[in-house]
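Annotation source TrEMBL lists active site at 74. What TrEMBL records for 114 is active site, proton donor/acceptor. Taken from TrEMBL, the feature active site, proton acceptor applies to 212. Residues or ranges marked as Mg(2+) 1 binding site by TrEMBL: 114, 116, 211. Per TrEMBL, the feature Mg(2+) 2 binding site maps to 212. Among the features that TrEMBL reports, site 'Transition state stabilizer' is placed at 116, 212. Annotation source TrEMBL lists site 'Important for catalytic activity' at 186.
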């Protein structure tokens, strides 16, 4: 399968990270996918939410470690014309949130990835002009708050840096990265029970190679 060949070529790029787990879209090749690459072998790994309607696009990998679950997620974009807005805010977000709360019954949860929502006006360079842009609609912002923040998952960067303007995504068109006209779309959300263990939550905006930049979290558990 073409996608397996593509992954095999890159999965050992990082020395010492020998445990690789990935999933990608089977409904639309090259469309979406997620992966976890770890030095430590997880206790268990699962793919998707366990709901067939949500699991054909490779949007979630969960790795269980001794003291937490690590989830790498890629939340669906609401798309041109907001075609998938209803699906995203009424089905996907709620299903992911419920899944996380179920995992949390046994150990804390860490969710990272492109969550496709700039939650507050500080998280986008032009809030007034993007009120109906996918990723910054009132519906998506409310859903992010209701399904994640209000259910006990903490935005680690905002907890540590409440007033800092920073972005994790810049569209390729118009050279937006050079002028730092970006969006904050990528997060580390953690269970409230380990939020105070976050030693550092940071972004690396100068690292290229994508329209997103790397983000990082150091936890002292």
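Using the three backbone atoms N, Cα and C, a Cβ is placed for every residue, glycine included.
TrEMBL: automatically predicted annotations, no manual curation.
Keep in mind that what you see is a predicted model, and the values were worked out from it rather than measured.
A 10 Å cutoff on Cβ-Cβ distances gives the residue listed as 'active site, proton acceptor' a total of 18 other Cβ atoms nearby, all chains included.
The recorded positions in question are 114, 186, 211, and the one with the fewest Cβ neighbours inside 10 Å is 211. Across the fold, the C-alpha of residue 211 (Mg(2+) 1 binding site) and the C-alpha of residue 114 (active site, proton donor/acceptor) stand 12 Å from each other. The most densely surrounded of the recorded positions 74, 116 is 116 (count of other Cβ atoms within 10 A of its Cβ). Proximity note: of the listed recorded positions (74, 114, 116, 186), 114, 186 have a CA within 10 Å of the CA of residue 212 (active site, proton acceptor), given in sequence order. Residue 74 (active site) sits 8 Å from residue 116 (Mg(2+) 1 binding site), taking the Cα positions as reference.
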